[in-house]
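Trainee: Right, I'll just put the structure down here and ask away after.
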Amino acid sequence: MHDDSRAVFCLLVFCFVLFFTADAFFYYLFVCKESLRKRGIERKGTFMRLAARRGGLLLRPGGFTRFASSTGQQEQQGGRGFFSVFSHGPRSRAELWGLLLGCSVFPLSVALMNWYDKQKEVPPPELAPDFQSTHSVRMTPKQQLGGPFRLRESRTGAYITDQELFQDHWTLLYFGFSKCAEVCPTTLQFIADVMKACDAATTKSTAPEVAKLQAVFLSIDSFRDTPEVLEKYVSKFDPRLRALCGSLEEVKQAASAWRVYYSSIEETDEERKLREEKGVPEVFLDDTYQFDHSSAIYLVGPDGKMKDFFFKEMGLEDAVNRLGVHFEDIYGFKDTRES
C-alpha cells in the first residue's frame with residue numbers, strides 16, 4: 001500500500017472510530033447522566049450500576065428501564081440513543097444538542113480529508129509557458145542567468161569572451177562533454193535539426209534574423225576535451241556548431257554563472273600527493289568516465305541575456321515556434337515578450 005493510500009485509510013478508520021465514540025460520549029453526557037440526575041442518582045465510580053438497580057433502573061443499550069414494583073411491567077425511562085433521536089426527532093434540549101454534535105462529526109471528517117488533499121497539491125509554476133498557443137508565450141525569468149567568462153574556442157584555439165561570443169547573435173547554448181554516451185549526442189542532433197528547420201522556414205524578410213542564429217557547445221570536461229577534440233566532435237552534427245573549453249576553474253566559473261549542475265572531479269590532498277608520487281602530472285580519466293549534468297538548452301539574445309530555455313523532449317515543432325516568438329516578425333509572429 002502506498003503512503004497516500006495508507007494515510008487515507010487511516011483517516012477513514014479514525015473518522016469511523018471518532019463517530020461512534022462521539023455517539024457514545026454524547027449519549028452518556030446528555031441522556032444517561034440526565035436520567036440519573038432526575039432520579040437523584042449520582043455517579044460514584046463503580047457503584048453507579050448498583051445505585052441504578054437499587055432505584056429500580058436497569059441500564060440497557062437503549063436507555064434506562066424502570067421496573068414497576070406492583071405490576072412487574074417495564075417502563076422505558078431516560079433518554080434514547082443517537083439513531084433513535086435522529087430517526088424520531090429530539091424530545092428535549094439535551095437530545096437536540098446531542099443530535100447536533102453527533103451530526104457534526106461527519107462533515108468535520110470530510111472537511112479534514114479535503115484539507116489533507118489540498119496540502120498535497122503541488123502549486124503550478126509561476127513561469128509556465130503556454131505550449132498550445134505560441135502567440136501567448138511570455139517569459140520573464142525571475143533571476144537573470146549568465147555572467148562573464150573567458151574560454152577557448154574550438155575553431156581557432158584562442159580565448160573568447162562571452163560578449164564576443166553572443167554579440168549580434170541568437171545563440172542556443174548547451175553544456176555537455178564529448179565523451180557523453182547518450183544525452184549530449186541526441187541533444188546536439190536536436191539543436192542541429194532546429195537550426196535546419198529555421199533555415200527551411202526562412203523567407204526574404206526573416207533571413208537577417210535567421211542568419212544570426214548560432215549554436216554553442218560548452219564542455220564541462222576540462223580533462224579530456226581540447227579545442228581539437230571538440231571541433232572534430234561538433235562538426236559531425238552541423239558545421240555551424242561552435243565549441244568552448246577551458247581549465248577546471250574557467251569551466252566552473254561559466255557553469256556557475258548559468259546555474260548549470262554537473263558532477264565535478266575534485267582531488268583531496270591525499271589523492272593529489274599519491275598522484276604526484278606516481279609521477280602523474282594531472283588527473284587522468286579514461287574514455288568511459290561519465291559526468292552527470294543538466295540538459296537545458298539556453299536561448300541567449302543578441303544583448304547577451306538569456307531569453308528562454310528548451311529541452312529536446314518538447315519536440316522540434318514547438319522549439320521552432322518558440323524561437324519564432326523571440327524573433328520579431330519571424331514566421332509571421334510578433335515578439336510578445338514582456339519588457
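Cβ coordinates are placed from backbone N, Cα and C, and glycine is handled just like the others.
No curator has checked TrEMBL annotations; they are predicted automatically.
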Trainee: Since TrEMBL lists CYS180, CYS184 for Cu cation, which candidate among HIS169, HIS293 does it give for that site as well?
Mentor: HIS293
Trainee: Neighbours of the Cu cation site CYS180, CYS184, HIS293: Cβ within 8 Å of the Cβ centroid, same chain, sequence order.
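Mentor: Checked against the 8 Å cutoff, the neighbours are PHE175, GLY176, PHE177, VAL183, THR187, ILE220, GLN290, PHE291, SER295.
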Trainee: Would you mind reading off the Cα separation of CYS184 (disulfide bond) from HIS293 (Cu cation binding site), to the nearest angstrom?
Mentor: 10
Trainee: Return the residues near HIS293 (Cu cation binding site) by Cβ distance under 8 Å, restricted to its own chain and a separation of at least 6 in sequence.
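Mentor: Same-chain residues close to HIS293 (Cu cation binding site) (Cβ under 8 Å, separated by 6 or more) are PHE175, GLY176, PHE177, VAL183, ILE220, VAL260, TYR261, TYR262, SER263.
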